[in-house]
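Trainee: From TrEMBL, for reference:
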- 54-58, 124-130, D153, A240, G308, H354, D419: (6S)-NADPHX binding site (BINDING)
- N55, D120, S156: K(+) binding site (BINDING)
- G418: AMP binding site (BINDING)
- 7-205: domain 'YjeF N-terminal' (DOMAIN)
- 206-476: domain 'YjeF C-terminal' (DOMAIN)
Amino acid sequence: MLTGSEMGVVDENAAALGVPRKQLMESSGNAVAQAVRAHADTGASVTVVAGRGNNGGDALVAARFLDDYDLRVLLLGRPETITTDIARENWDALQSAEYPTEQVGDASQFALGDPDLVVDAMLGTGISGALREPEATAAAAMTASDATVLSVDVPSGLDAADGTLADNAVDADHVVTFHDTKPGLSDLDAGVTVADIGIPEAAELFVERGDLRRLTRDPASHKGDNGEVLVVGGGPYTGAPALSAQAALRGGADLVRVAAPEPVAREIQGYSENLIVRPYDGDVLAPPHVDRLADLAADHDTLVLGPGLGDADATLEAVAALLERFDGTAVVDADALSVVPDVDTDADLVCTPHQEELVGMGGETSDDWRERADLVESFAADLGHTLLVKGPYDVVSDGERTRVNRTGNPGMTVGGTGDVLAGVTGALACVQEPRHAASIAAYAVGGAGDAVVDERGYGLVATDLLDAVPPALWSADADD
Ligand SMILES: NC(=O)C1=CN([C@@H]2O[C@H](COP(=O)(O)OP(=O)(O)OC[C@H]3O[C@@H](n4cnc5c(N)ncnc54)[C@H](O)[C@@H]3O)[C@@H](O)[C@H]2O)[C@H](O)CC1
Ligand SMILES: [K+]
């Protein structure tokens, strides 16, 4: 089952793969026409009631497949108010071909007549709230009529975000929905057909620009609403935690703090005035620090644990103890990964190993990315956590659902790119489900690396990625 907004992600991913929405609309329209044939004999009277969005567009396409019916096509509103180019192009095609179309200016002009079948294509996944006019009047007429009511995608008035049905929704006899069923359809007293509209499986498997649609930023948000990240890293190394923390800011987090041993804290601060550094005693993370860090972590949306911590026994012991105390979302990277298989934690972990680290954790890998995806999925299920396994094709799995990211290039084998990825994942995990955070982070950091290499060739360094992350996250072009 897919919600309306998930459908939007998949649909834009299909466009990114070369199957644009207009092509999908042609398939949808064809499927609507097939459903008409299934419920009305050739020659029967069929009235199409089209809204001004793409739901209406589907039915305007269907009209071209229904020449052997006694057809009427009603547009609710003026053609100038059609909201998308592809729906308007399909309206224009009906005009050029001189189909019998009518415009309904307002509710008082709506007259359904007495057709054998009515196609309800007023509103689909674009609805918000109860039906307004003239849709409300049209819906009441459809529901009151003797006609068979065939709804396109969802009955107009059903909100595919959560399955709620408006009081004035169309009472459909049949629904032809696209690609996958939608929330609320199974509760209806209507026959539901799911039509394949030619969306490739890859649109759901591969992370593509449609996934960026999940990113939103509330204009009314305050400092902190978009995430506070705590990076626990550093000791033997200083660059890694600084990279992760700066990447978390580039990933959209509002506040990023770094907890690090006192001797390296100043150096980490020196890399960027944007960071807040919280020093603790000693040269490396060790068990005595855990109490304070656990309290600090509880005040953050996500924890990024591992960058530059090193693998001293005391450090790994402290990592395990911290995870045992923590019940939020933590991105675990680098040396901290080795602790994960044996740790008992209520936290949601997003582990970001490369393939060697994966094997070190007890997982298996394969040169064939499809096999690798299966292996990662079953290992994620064993661990009970989300994995983001880095490679030429990154694999993200929560043990049930698995995605593959194809952005990135061989220039990114340079040191520090993993720290950037962990930081961006930590930022996104403040506002997204872990699996989406990991998928989008892999896509955007890979895309950032591709943009840098496109511009300047190989020889990129991890700091180059930082500036390139925001455009990779936020500036994808969407089409209709
Ligand atoms: N893969 C796909 O997802 C495909 C979907 N297709 C079809 O497109 C619709 C969704 O189209 P969209 O243009 O986004 O929205 P709608 O047509 O549902 O409606 C937009 C339209 O409605 C107005 N509006 C919103 N709420 C109300 C209301 N309560 N009362 C009245 N009017 C309202 C809003 O202002 C807009 O003007 C999807 O369902 C599929 O049918 C394509 O086939 C391509 C593939
Ligand atoms: K509809």
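Note: Cβ is positioned from N, Cα and C throughout, glycine not excepted.
Walk me through where these features lie, including what they touch and how far apart they are.
Mentor: Mapped onto three states, the DSSP output places N54 ((6S)-NADPHX binding site) in helix.
Long-range Cβ proximity for N55 (K(+) binding site), meaning a same-chain Cβ under 8 A and a gap of 6 or more residues, is found for A121, M122, L123, G124, T125, G126, V152, D153, S156.
A helical conformation is recorded for G418 (AMP binding site) in the three-state DSSP classification.
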Trainee: Just to be sure I understand the packing, how many Cβ atoms besides its own are within 10 Å of the Cβ of N54 ((6S)-NADPHX binding site)?
Mentor: 27
Trainee: Whole-number Å distance between the CA of S128 ((6S)-NADPHX binding site) and the CA of G418 (AMP binding site)?
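Mentor: With distance taken Cα to Cα, G418 (AMP binding site) is 41 Å from S128 ((6S)-NADPHX binding site).
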Trainee: Please identify which of G57, G418 has the densest Cβ environment, defined as other Cβ atoms within 10 Å, among these binding-site residues.
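Mentor: Answer returned by the neighbour count: G57.
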Trainee: Counting across all protein chains shown, how many other Cβ atoms sit within 10 Å of the Cβ of H354 ((6S)-NADPHX binding site)?
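Mentor: For H354 ((6S)-NADPHX binding site), the count of other Cβ atoms within 10 Å is 19.
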Trainee: Which binding-site residues of N54, N55, T125, S128, D153, H354 contact ligand 1 in the sense of C-beta under 6 Å?
Mentor: N54, N55, T125, S128, D153
